[in-house]
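Have a look at the structure below before the remarks.
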Amino acid sequence: MGMWASVDAMWDFPAEKRIFGAVLLFSWTVYLWETFLAQRQRRIYKTTTHVPAELEQIMDSDTFEKSRLYQLDKSTFSFWSGLYSEVEGTFILLFGGIPYLWRLSGQFCSSAGFGPEYEIIQSLVFLLLATLFSALTGLPWSLYNTFVIEEKHGFNHQTLEFFMKDAIKKFIVTQCILLPVSALLLYIIKIGGDYFFIYAWLFTLVVSLVLVTIYADYIAPLFDKFTPLPEGELKQEIEVMAKGIGFPLTKVYVVEGSKRSSHSNAYFYGFFKNKRIVLFDTLLEEYSVPNKDNQEEAGMEPRNEGEGDSEEVKAKVKNKKQGCKNEEVLAVLGHELGHWKLGHTVKNIIISQMNSFLCFFLFAVLIGRRELFAAFGFYDSQPTLIGLLIIFQFIFSPYNEVLSFCLTVLSRRFEFQADAFAKKLGKAKDLYSALIKLNKDNLGFPVSDWLFSTWHYSHPPLLERLQALKNAKQD
């Protein structure tokens, strides 16, 4: 009886109080769930101190211990940064941080001669201040992660000067994209009439396609150096494999990821008949980056021609203790091209755009509800940007959690299918060895809690992928 009385009492609160309470309750529920999962995985890191029998053939005890300690450190960092983030977000909501920042933005606009009728201008000032606040509060955590954890475990290749220049450059580039796009989106919502959600969705679709098209050619080179893969056996074999499956390859690039980190990756991009492949130099065992340019861009002292490499430069720039042989690189690319051939990229775009359309439609339904604005301290005005923030970030949060989990499950399925595609290309043996090498190079821990991996892993655990490939190897 007492429980039902408390439930009835809760419904006696005004609608805006119930909304606010529900948002906070859900946020902390998700946080506690994530913390529970992380502690389960952390227990694995702490208790699995010896290489399990099924891993003895693929991982030595030294690498196993290094990866265990690396993941333990990352787990500790994740706990404290996650707690800070949740507490910060709660304080911002409880103490009216969002309406305060909106009023502050209005004061800046007024001092520049723009009154309340210039809502879009005020919205842009709000976005600038909010992203600046986020960048500044996140900076200490990013510094610690890069220069303590990543440095300790041998991954960081950046100097502090390079890191700070990079952070400033990222912030500026982000504003150059975010502010004009946001201004146009708000304008479309304002003038779009009853069907504004259709026009807003089409606009975001066009923007996302344009960004995907220009990112690797115009945005990524602002941060990293892209070099055409030199003529040779590897490039020829990549072109032959691409042609064999009908992949319209136009260029193959190597990106100097080694100036930041020794983590490795590979990806493809482009639309229609203009596809490019990008390989990280850390993926290639037999690739060397230009010395002088690399050192200058990484914030290191340039080396004169003919001088011997110092031990630090060898470790930080060349770092040839890692990477894959050409056959293994081809196997990794076989997997990546499998995503294209099997339509995974198109399916992900379709899912993303269906979700985007649904969200804009529901936004159109909810934007007129004054209690949503009142719940977050906006009693006298209903700015469009604040409506987007409230509805997309807070009201949709339960839906976003469910969608994220479903996409994680789908991603694992796609990864198995891409592995199977590489098998069909005859790359099972090389992909098997490449996965082991990449796991070793990135200090991935091969033992995982089933619940943690089910909720978080977009890629299947290493052992499951190797088991699926082993059958093909034996065949």
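In case you wondered, yes, glycine gets a Cβ from its N, Cα and C as well.
Same-chain residues at least 6 positions away in sequence with a Cβ under 8 Å from that of Glu336 (active site) are, in sequence order, Ala266, Tyr267, Phe268, Ile277, Ala418. Per TrEMBL, the feature active site maps to Glu336.
For Asp419 (active site, proton donor), the same-chain residues that are 6 or more apart in sequence and have a Cβ closer than 8 Å to its Cβ are His335, Gly338, Leu431, Arg465, Ala468, Leu469. Summarising the annotation, TrEMBL assigns active site, proton donor to Asp419.
Taken from TrEMBL, the feature compositional bias 'Basic and acidic residues' applies to 300-315.
According to TrEMBL, the feature domain 'CAAX prenyl protease 1 N-terminal' maps to 41-225.
The domain 'Peptidase M48' annotation in TrEMBL covers 228-471.
The feature region 'Disordered' is assigned by TrEMBL to 294-319.
Taking Cβ pairs closer than 8 Å, the transmembrane segment (20-38) reaches residues 10, 13, 75, 78-79, 82, 86, 89-90, 93-94, 375-376, 394-395, 397-398, 401, 449, 451-452, 455-456 in its own chain, all 6 or more past its ends. TrEMBL lists 20-38 (among others) with the feature transmembrane segment.
Here the transmembrane segment (77-100) has Cβ contacts under 8 Å with residues 20, 23-24, 27-28, 31, 34-35, 38, 137, 141, 144-145, 149, 376-378, 386, 389 of the same chain, all six or more residues outside its ends. The annotation transmembrane segment is assigned in TrEMBL to 77-100 (among others).
Per TrEMBL, the feature transmembrane segment maps to 120-144 (among others).
Listed as Cβ neighbours of the transmembrane segment (171-189) (distance under 8 Å, sequence separation of 6 or more from its ends, same chain) are residues 119-120, 123-124, 127-128, 131-132, 135, 196, 199-200, 203-204, 207, 211, 219, 222, 384-385. The annotation transmembrane segment is assigned in TrEMBL to 171-189 (among others).
Among residues of the same chain six or more beyond the transmembrane segment (195-216), those with a C-beta under 8 A of the stretch's C-beta atoms are 177, 181, 184-185, 188-189, 226, 253, 269-271, 276, 278, 352-353, 356-357, 360-361, 363-364. Taken from TrEMBL, the feature transmembrane segment covers 195-216 (among others).
According to TrEMBL, the feature transmembrane segment maps to 357-379 (among others).
Per TrEMBL, the feature transmembrane segment maps to 385-410 (among others). A Cβ distance under 8 Å defines the sequence-distant neighbours of the transmembrane segment (385-410), meaning residues of its chain 6+ beyond its ends; these are 19, 23, 26-27, 30, 98, 102, 119, 123, 126-127, 182, 186, 351, 355, 359, 362-363, 366-367, 372-373, 375-376, 378, 455-458.
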Chain residues outside the transmembrane segment (357-379) and at least six past its termini with a C-beta under 8 angstroms from it: 14-17, 19-20, 23, 93, 96, 98-99, 102, 196-198, 200-201, 204, 386-388, 390-392, 394-396
Confidence summary for the domain 'CAAX prenyl protease 1 N-terminal' (41-225), mean pLDDT rounded: 94
